[in-house]
Amino acid sequence: MPEMPEVETVRRTLTPLVKGKTIAKIIIWYPKIIVNNPDEFVEKLTNKKILKIDRYGKYLLFRFSDDLTMVSHLRMEGKYHLVTPDHPKGKHEHVEFVFTDGTALRYADVRKFGRMHLVETGTEKQTTGIRHLGPEPNTEEFSVEYFINALSRKKKNIKNTLLDQTVVCGLGNIYVDEVLWQSKIHPLSSAKSIPADKIVDLYHNINHTITVATKERGTTVHTYLDANGDIGGYQNMLQVYGHAGEECNNCGTILEKIKVNGRGTTFCPHCQVLYK
């Protein structure tokens, strides 16, 4: 699933491709992608102009004229790309926005898990996906005091806690494995048992890793591409994710992989301390 750096990279690369364009028509090949009534979705967006694209957590927020916002969640495999309307339809393309300038934006999704929800601008944080999201890294809301307090109330392990989007939004499996290794915290550690100084380390590592990964245009380990069809660069900087069975770059111990709540989790059994 694209995590915050990947979704932000999609936003940055997609914006210059579609900003200022007006929708002439919309073709929906797979209606379940649309949360609204598909006919109403088409009717409301036809002749509307894309003003800009914002992002919150892993959600893209397409801002349209007449105070409309399309909340787009890419989920596991969602991708946007610009084509000409006569371009042959791909097997996994499910929605097409045809613009008045003769170009078209298509949404492709192999697993069909992605969703688009049209709402009034200003109400997007009331939608099901965004309503309960916690703060983003590198924001005032995500303070070290907030983070220490949030973890002190969590009985579950730290891996699951960091994946909980109500605690901090935008992190996924890749970056959680990385920041726990950087902070030398075992993924099965009880969140509330981690010492305050280690939580501070973890806090700074989260902010730094998200910043660097975004600068590197995200991580491509499976199918992730930006709006230009380019891969990310942070996969070349990964220390543990995808490196199970290799030596830890800190101590030389062989990295191990376990399942944590069904998620593959790679860690160093020597460097990463288990707090119970």
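Residue 1 is the first one shown; counting continues down the chain.
Every residue gets a Cβ built from N, Cα and C, even glycine.
Of the listed segments 64-98, 99-133, 239-273, Swiss-Prot assigns zinc finger to 239-273.
Ranked by CA distance from Lys154 (DNA binding site), the active-site residues Pro2, Glu3, Lys58, Arg263 have Arg263 at the top as the closest. Under DSSP, Arg263 (active site, proton donor) is assigned to a strand (E or B) in the three-state scheme.
Secondary structure of the zinc finger (239-273), assigned with DSSP and counted as helix (H, G, I), strand (E, B) and coil, comes to 0 helix, 13 strand, 22 coil. Spatially close to Lys58 (active site, proton donor) yet at least six residues away along the chain are Met1, Pro2, Glu3, Met4, Val7, His73, Leu74, Gln165, Cys169, Gly170, Gly172, judged by Cβ distances under 8 angstroms. Cβ-based crowding with a 10 Å cutoff singles out Glu3 as the top-ranked of the recorded positions Glu3, His92.
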